[in-house]
């Protein structure tokens, strides 16, 4: 894959703004729906993935990302599925890194389960990636196997060590699960902070059928925070990324702890992001079914005029907030698509 064939981004006249005055400068792109784990809160064990022919090519993903950068996106995150299982994905990372060199892009980053990180960490750093988010819900090998079904904890920990050795900043993302890892949060926090890594806790989200009810997995993070406050001093931080996390400093560890609470605390008022699936569908809200097709305008012309207009139309339809709810009366997915398709 070469960047020479890709149309370079033009100068940004003005940033993209949605109907509620929010600047859209963060793009999350799922480059594959495939994953080498089958986490119990994410997908069913017998998950059927998209035919490979349905996915955008790496060149198309590059052109799509570049079109958003030309329209004011400053932060780009590659997700999945597990992005590092897509063949030749590093050629996409290397090509997109040209936008870092020109200053058109502030940050190129990745969310991963860590299983392939030992193999790719050094190359990611060489491409200008400065930090990665690693999804890790437990440090107990048996519980890790139960949650991921197919995962190997030692391999993930080796990936985290390789990332740190390569100079990548690592943040741990943990989904809190009732009766599973909820009592392990303090030790997970001490471990992460002890290695200089941030930890962000995430409530279960009602996305896609998983073969069981999410109400049996759901723990409100307000409860977890109250438990932590009994033994730790949590000081609210003003840090804002335009995203869903609210941060505290844990005085006893010196580390930062984030809470993503779509169900107990709506996080939509400052949303600055949109998501693109590996098939070229744009979702302007994680918690809505509404979507727009960007693959057709992408393939309809060699220049980006049609694509740019389609992006503008999609941003113009971004809703004010999500519709997530979990309770006994609403124990079905609020959104039918899985996070592995949308991009986690």
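Glycine residues also receive a Cβ, built from the backbone N, Cα and C atoms like all the rest.
Per Swiss-Prot, the feature domain 'Radical SAM core' maps to 19-239. Computed over the domain 'Radical SAM core' (19-239), the whole-number mean pLDDT of the model equals 95.
Swiss-Prot lists 28, 77, 111, 171, 273, 274, 275 with the feature GTP binding site. Cβ neighbours of residue 274 (GTP binding site) (same chain, under 8 Å, six or more residues apart in sequence): 24, 26, 27, 28, 282, 283, 284, 314, 315, 318. DSSP assigns residue 274 (GTP binding site) to a strand.
Look at Swiss-Prot and you will find 35, 39, 42 tagged as [4Fe-4S] cluster 1 binding site.
Sequence annotations record features per position, and here Swiss-Prot assigns S-adenosyl-L-methionine binding site to 41, 81, 135, 205. Residue 205 (S-adenosyl-L-methionine binding site) carries neither a helix nor a strand DSSP state and counts as coil.
Residue 285 ([4Fe-4S] cluster 2 binding site) falls within neither a helix nor a strand when secondary structure is assigned with DSSP, and so counts as coil. The [4Fe-4S] cluster 2 binding site annotation in Swiss-Prot covers 268, 271, 285, and the record cites sequence analysis as its basis.
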Checklist entry - If you measure from the Cα of residue 39 ([4Fe-4S] cluster 1 binding site), which of the binding-site residues 171, 205, 275, 285 is the nearest? => result 205
Checklist outcome for this item: residue 39 ([4Fe-4S] cluster 1 binding site) falls, by three-state DSSP, under coil
Checklist outcome for this item: residue 77 (GTP binding site) -> DSSP, reduced to three states, gives strand
Item to check | Top Cα neighbour of residue 42 ([4Fe-4S] cluster 1 binding site) in the set of binding-site residues 171, 205, 268, 273 | outcome: 205
Checklist entry - For residue 81 (S-adenosyl-L-methionine binding site), which of the binding-site residues 171, 268, 275, 285 has the nearest Cα in space? => result 275
Checklist entry - Given that the record lists 41, 81, 135, 205 as binding S-adenosyl-L-methionine, what is the largest C-alpha to C-alpha distance among them, in Å? => result 16
